[in-house]
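Step one of this worksheet: look at the structure below.
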Amino acid sequence: MTDQSIFLSASKPRHDSDAATRRALDDLRRVGRLRPAELLFWGAALASFLVLPGSHLLLSQTAILGLFALSLDLIIGYAGIVSLGHGAFFGLGAYTAGIVSVRLTEEPLSGLVLGGLVAALAGALTGPLLTMRATDLSRLMVTLGIATLLHEGANQLTWLTGGADGLSGVTVAPILGLFEFDLIGTTGYGYCLIVSFVLFLAARRVVTSPYGLSLRAIRDNALRARAMGIPVAARLVGIYAFSAFIAGVAGALLTQVTMFTSLDVLGFERSADVLLVLVLGGVGYLYGGLIGAVLFTVLQDRLATLSPQYWQFWIGLILVVIVLIGRDRLAAVPVRLRAGLSGRKAAAGEGEA
Amino acid sequence: MIPILIDGIAYGMLLFVLASGLAVTLGLMNFINLAHGAFAMAGGYVTSVLMNSHGVPFLVTLPVAFVVPALVGAVLERTLYAPLYERSHLDHVLFSIGLTFMAVSATTWAMGSQQQLISLPGWLEGRFALFGIAIGRYRAFLIVVCAALVVALQLVLTRTRFGSRLRAAVDDRRVARGLGIRVETIFAATFAVGSGLGGLGGALGVPMLGLDPTFPLKYMVYFLIVVTIGGTAGLAGPFLAALIIGVADVAGKYYLPELGSFLITLLMIVLLVLRPQGLIARAR
């Protein structure tokens with residue numbers, strides 16, 4: 001977890017600061033390069049599109065969940081903000097896309113972008129509440145509270161949201177006027193994949209920039225970061241809004257792919273599930289959310305056939321076991337495996353950056 | 001107006017008893033235990049099962065509703081919670097959410113998902129008039145019982161040797177250990193009592209809050225609100241917060257029913273933004 005932020009916090013002599021800056025930038029550039037394993041991951045995603053045409057509906061859900069978990073990783077893994085109400089932004093995006101489709105235009109991209117923007121605006125407005133003297137606990141409660149408010153709001157504004165019945169009548173025109181949404185979800189999955197990939201690249205660019213480095217400095221020690229002249233509050237609000245944007249887009253994708261949205265996009269269970277997804281995949285290296293989404297979907301599928309009513313029990317059990325074993329110990333397993341396989345010492349921080 | 005106030009106070013007192021265990025684990029031991037509601041639910045089910053299947057009188061079930069969750073709490077604290085005290089808050093959240101999900105599912109499996117109903121003894125039903133104001137008997141009963149518990153808790157915490165040891169252990173674990181205080185035992189006992197109080201609150205709350213397997217999730221926010229707004233300095237803050245929330249919630253639901261839980265959540269956010277450490281913060 002300490003990784004590159006060492007460069008920022010190390011007590012270097014003053015005349016060395018240029019060299020340190022250069023080293024930090026070099027390091028960022030090195031981390032910023034796409035690695036073979038990453039190409040493999042996205043190659044596999046593309047292959048799933050071609051090889052598994054029968055599961056496109058399920059795969060779309062997985063991609064959306066992955067994107068949502070990725071947005072959560074940005075604030076938990078990189079900025080250290082623990083949130084219990086990230087579903088608020090997902091739900092905002094989902095409802096915005098739905099309302100845009102019902103009232104404004106059926107063109108999908110505008111709904112997608114508007115969904116993201118509305119969520120980002122909400123993130124930018126509520127972000128400052130999380131920075132002022134906030135503790136982990138008050139952050140948890142404020143994020144949870146905001147999600148509860150939105151849930152209540154969507155429930156009450158029946159004329160706009162359809163209330164408890166959900167928002168129906170969502171129709172989506174072909175993407176770019178070319179690709180029509182089909183019943184088996186092929187267009188939908190392609191759409192989800194492309195959007196996820198683009199946003200992933202954006203998120204990756206952000207976290208491997210000096211901006212991302214300063215976020216990790218804040219996460220590791222906010223006081224010290226402030227003393228170094230990092231504008232802590234502005235940085236936290238910035239990443240919070242960006243994360244909200246991605247969550248909003250994920251929500252908008254869900255509405256457009258399923259052509260429906262209902263109150264459960266704003267429910268507590270969704271915020272809790274996405275935490276589990278992220279933890280399953282591992283926090284703080286962007287792929288955690290995506291890998292976690294795949295694991296979660298497989299698990300959900302298996303557990304639901306095992307005991308449809310009680311799969312939440314197993315989800316809970318998995319969470320408890322993961323925490324008891326220790327997340328960092330689990331995260332070390334792949335690194336150790338790779339080290340064992342290749343016979344060389346894998347750098348401890350490599351799996352995280 | 002006054003009946004609503006009394007309703008609100010009864011509700012607030014009940015909330016305090018429910019949340020006092022959380023106030024201790026969260027406030028004093030710094031563990032974010034989202035599963036606290038599960039212990040409360042256990043107490044509720046103990047009372048409901050004993051009354052409905054075994055015909056045990058309501059008052060007799062109450063001590064059992066305290067003891068069973070307390071024992072469960074003690075066992076879980078020693079085996080699962082204690083190793084996690086030093087971990088990050090994210091770990092606390094994940095662990096206790098997981099535990100809550102398990103409790104909800106397991107209860108649905110064992111008891112079914114329907115509401116549990118109990119019939120109160122006759123002397124607790126209906127209303128009586130006091131200075132011309134009609135007061136629900138059960139509300140009055142709740143106020144008396146909970147007030148007694150509050151006083152007892154406060155006395156234990158401030159006047160007994162156990163209380164001073166607990167406060168010492170919380171202030172500085174290492175020094176307390178060095179003084180020969182058995183910190184682990186004290187924490188386990190405190191956790192057990194907290195869980196027991198939650199269970200007692202759950203049992204007392206059955207006629208007022210209802211009881212079904214989703215109870216821990218439904219009321220989780222309320223418990224957390226009480227503690228976060230109240231602050232972690234002691235029990236006075238959470239008590240004050242519980243009363244404010246109880247009255248505000250009952251009044252809100254009476255005068256502005258269309259707002260639902262909007263008011264209370266908004267109140268929480270505003271209070272937390274203004275005072276992140278709660279109403280009564282620890283002097284540092």
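Each residue's number is its place along the chain shown, starting with 1.
In case you wondered, yes, glycine gets a Cβ from its N, Cα and C as well.
According to TrEMBL, the protein carries these features:
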- A:39-69: transmembrane segment (TRANSMEM)
- A:75-97: transmembrane segment (TRANSMEM)
- A:109-130: transmembrane segment (TRANSMEM)
- A:188-207: transmembrane segment (TRANSMEM)
- A:228-254: transmembrane segment (TRANSMEM)
- A:274-298: transmembrane segment (TRANSMEM)
- A:310-327: transmembrane segment (TRANSMEM)
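A contact between the transmembrane segment (A:109-130) and the transmembrane segment (A:310-327) is absent, since fewer than 3 of their C-beta pairs, 6 or more residues apart, lie under 8 Å. For the transmembrane segment (A:75-97), the most Cβ-contacting stretch among A:39-69, A:188-207, A:228-254, A:274-298, A:310-327 is A:228-254 (pairs under 8 Å). Highlighted: of the candidate stretches A:188-207, A:228-254, A:274-298, A:310-327, A:274-298 has the greatest count of Cβ pairs under 8 Å to the transmembrane segment (A:39-69).
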